[in-house]
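Features as listed in TrEMBL:
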BINDING   Asn10, Trp11, Lys12, Gly169, Ser208, Gly229, Gly230  substrate binding site
ACT_SITE  His93  active site, electrophile
ACT_SITE  Glu163  active site, proton acceptor
Amino acid sequence: MALRKLIAGNWKMNGTRASLAEVAAIEAAATAAGHVDVALCPPFTLIDAMMQAADTVVIGGQDCHHAVKGAHTGCVSAAMLADLGASHVIVGHSERRTDNGETDDLVRAKAEATIAAGLIAIVCVGETEAERDAGRAGVVVGDQLDGSLPPAATARQLVVAYEPVWAIGTGRTPSCDDVAEMHGMIRAKLLAILGEEGVGVRILYGGSVKPDNAAELLAIADVDGALVGGCSLTAAQFVPIIEAAATI
Ligand SMILES: O=C[C@H](O)COP(=O)(O)O
């Protein structure tokens, strides 16, 4: 089943108020694209201002705490992001799994908190290069899905992002055959975990998505969009990716 594409930009720890100048052109491209959903996930510091600058483009957070509120210095809850008008939260990005020791159990708790706040959880999974070289990519990603996905989620509440760790920020991508195989496995896993709801969950590919490879990647079966890091920081690089999605 062809699902509406979602092109999501993850600004990671990049951007200041001056960077909001990029939003107008991204907004225009999203409006022109029509049947493509476009999201931007800036640092927490820019969410409110970006909400003011965007309309068609929806805004998300890059993480949340699993609690609604409490004594958790430096943390932000999904409810707080909802209060700002955000619609998505990225959870379980490999950089958080590595930098902050986040486990599948914690990622699932964050995804459940996101959904409980009325937002859409973008749950990230992906293997390391060593795991792929050892022939374990499918097992690793399957185990991450088993551990990280909230089993009661509906298709409207959940997005999965497959991001091979070795492809993030490196300029390297898996072959189209490898992406197709992994996304097919993820779809089967979604059906096993969520039942019929798994049919409608969008599966994004992430890892060195650029203007010159976006069309090829987005045309692969079960690639329902992209989670874009570096190339989402400027309209010059993000707009062509949105336009590529609009041609499919
Ligand atoms: O969340 C985005 C990904 O980590 C991809 O980053 P990248 O497009 O810079 O490789």
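Cβ from N, Cα, C; glycine included.
Over all protein chains present, the Cβ of Gly230 (substrate binding site) has 19 other Cβ atoms lying within 10 Å. In the vicinity of ligand 1, defined as a Cβ distance under 6 Å, the following of the binding-site residues Trp11, Lys12, Gly230 are placed: Gly230. With the fewest other C-beta atoms within 10 Å around its C-beta, Gly169 stands out among the binding-site residues Lys12, Gly169, Gly229. Recorded residues Glu163 (active site, proton acceptor) and Lys12 (substrate binding site) have their alpha carbons 14 Å apart, per Cα-Cα distance. Over all protein chains present, the Cβ of the residue listed as 'active site, electrophile' has 28 other Cβ atoms lying within 10 Å. Cβ neighbours of Ser208 (substrate binding site) (same chain, under 8 Å, six or more residues apart in sequence): Ala167, Ile168, Gly169, Thr170, Gly171, Arg172, Thr173. In this structure, the CA atom of His93 (active site, electrophile) is 15 Å away from the CA atom of Gly230 (substrate binding site). Within 10 Å of the C-beta of Trp11 (substrate binding site) we count 20 further C-beta atoms, all protein chains included. For the recorded site, Asn10 (substrate binding site), the DSSP three-state label reads strand.
Maximum C-alpha to C-alpha distance over the listed substrate-binding residues Asn10, Trp11, Lys12, Gly169, Ser208, Gly229, Gly230 is 14 Å. Around Asn10 (substrate binding site), the C-beta neighbours below 8 angstroms that are at least 6 residues distant in the chain are Cys41, Gln62, Ile90, His93, Gly206, Leu227, Val228, Gly229, Ser232.
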